[in-house]
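*Asks:* Just dropping this structure here.
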Amino acid sequence: MHTPDRGLYGRLGVTLLVLLAYCVGCQLPLPGLDTQKIGLLYEGGGTATARVSVLALGIMPLISALILLELVKLAAPELRTWERAAPRNQRRYGYVAVGLALVMALVQSAGIASALEQVTALVPEPGTTFRAVAIATLMAGTALVIAFANIIDRAGLGSGIWIMFLAPALAELPRTIAGMAVLYRSGEYSFELILAGLAIAVLTVGGVVRLLMAARGAEAVASTCIWTPLLSYSLLPWLLFPIGLIATLSADGAVTLMTSGPLRFIVLAVLVVLVSALSLRSFARTGQMSPIPAAIIGLTLTAVVVATEIMQSYFFAVPPLGSTDLVVATVVAMTILGQWGGVGSGALAQDGPPVSPRA
């Protein structure tokens with residue numbers, strides 16, 4: 001039986017300290033806001049503060065940048081081949097990812113600063129100074145979260161980007177569960193729906209675990225499991241809106257089709273199958289073959305993603321975490337177990353992140 005070495009506990013401690021620092025940062029509001037108004041305007045206590053904190057953007061600008069780069073890899077598999085040809089190429093790829101992330105953080109920060117100024121009494125002194133300070137602070141917050149991911153990669157459990165990606169959802173999980181309990185006690189949410197939501201979560205985790213165990217640590221499968229839902233949901237509105245516009249001849253009708261309905265489910269299923277196949281093809285170009293047929297991976301991920309959407313849309317059965325978060329959490333957990341516990345998959349690729357892999 002494999003016994004974790006002492007280094008594991010040290011790395012676990014580093015990871016927990018980083019997450020604690022992140023939680024503290026989420027409680028620090030942006031400079032220039034009236035802190036007394038935050039709780040009044042945004043119900044939810046700590047969650048409300050996190051929405052307007054110095055770390056409000058989190059790791060998402062980097063995830064968005066990596067999504068763009070992953071889309072390029074699907075269209076041009078040569079990029080993945082080039083990236084993996086030499087460590088120098090991986091570093092260059094990382095610099096590009098960070099640069100794109102900061103550009104996205106700049107755009108998002110400007111939008112947030114402008115939106116905050118429109119909220120009555122939240123910004124006592126609106127104007128250029130507030131916007132400049134807010135933008136600089138939010139961009140610095142994104143850089144800090146990227147540094148947190150780097151620390152987790154180098155001195156923690158690894159998979160730093162994905163742990164930071166999951167941090168907001170996991171922090172919100174107790175509040176979500178408490179909300180379900182309140183709705184259940186009030187009779188607005190039945191026990192059967194709670195069980196259905198839990199069943200969705202269990203089946204999602206079980207399906208991904210089976211894929212990773214069958215893959216025997218293949219990086220192509222672990223990476224495909226993570227990126228397929230993210231890329232599919234990123235592409236979904238870009239396909240649904242023009243299709244809906246043609247079908248209904250109105251923008252309102254197109255928006256309605258985008259939010260729910262059979263068309264959304266069909267397009268999402270097609271995207272999941274297509275993206276997973278292209279991802280595996282991209283890895284095959286680098287010599288990393290999947291031991292599992294692409295059809296099985298695509299159909300499993302399609303069942304996970306689309307079934308969750310259908311249950312939420314028609315039966316209002318909501319799992320504690322979304323399907324994408326559940327998939328990412330499962331792959332991260334299996335990767336950590338594979339690296340430190342001798343179990344499952346130890347092959348979660350950062351796929352060219354701007355943080356160095358653990359030595």
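A Cβ is built for glycine as well, from the same backbone N, Cα and C atoms used for every other residue.
TrEMBL: automatically predicted annotations, no manual curation.
From a predicted model like this one, the values you see are computed outputs, not experimental measurements.
Found this in TrEMBL, in case it helps:
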- 12-30: transmembrane segment (TRANSMEM)
- 50-72: transmembrane segment (TRANSMEM)
- 93-116: transmembrane segment (TRANSMEM)
- 128-149: transmembrane segment (TRANSMEM)
- 161-184: transmembrane segment (TRANSMEM)
- 190-213: transmembrane segment (TRANSMEM)
- 225-249: transmembrane segment (TRANSMEM)
- 261-280: transmembrane segment (TRANSMEM)
- 292-315: transmembrane segment (TRANSMEM)
- 327-349: transmembrane segment (TRANSMEM)
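Burial and contacts for the listed features, if you can.
*Replies:* Non-local neighbours of the transmembrane segment (12-30) in the same chain are 38, 46, 49-50, 52-56, 116, 133-134, 137-138, 141, 144-145, 148, 151-152, 155-157, 163-164, 167, 171; each lies 6+ residues outside the stretch with a CB under 8 Å from one of its CB atoms.
Packing against the transmembrane segment (161-184) from elsewhere in the chain are residues 15, 19, 22-23, 26, 44, 47, 50, 58-60, 62-63, 66, 145, 148-149, 152-153, 190-191, 194, 197, 226, 318, 320-322, 325, 328-329, 331-332, 348, 350, 353, 355: each is 6 or more residues past its ends and has a CB under 8 Å from a CB in it.
Sequence-distant contacts of the transmembrane segment (261-280), counting only residues of its own chain at least 6 positions beyond either end whose CB sits under 8 Å from a CB of the stretch, comprise 70, 74, 220-221, 223-224, 227-229, 231-233, 235-236, 239-240, 243-244, 247, 290, 294, 297-299, 301-302, 305-306, 309-310, 313.
Beyond the ends of the transmembrane segment (292-315), by six or more residues, the same chain brings 193, 196-197, 200, 203-204, 207-208, 210-211, 214-215, 218, 221, 224-225, 228-229, 232, 260-261, 264-265, 268-269, 272-273, 276-277, 280-281, 322-324, 326-327 to within a C-beta distance below 8 angstroms of the stretch.
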*Asks:* Look over the recorded stretches 50-72, 128-149, 190-213 and say which has the most C-beta pairs under 8 A to the transmembrane segment (225-249).
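*Replies:* So the stretch in question is 50-72.
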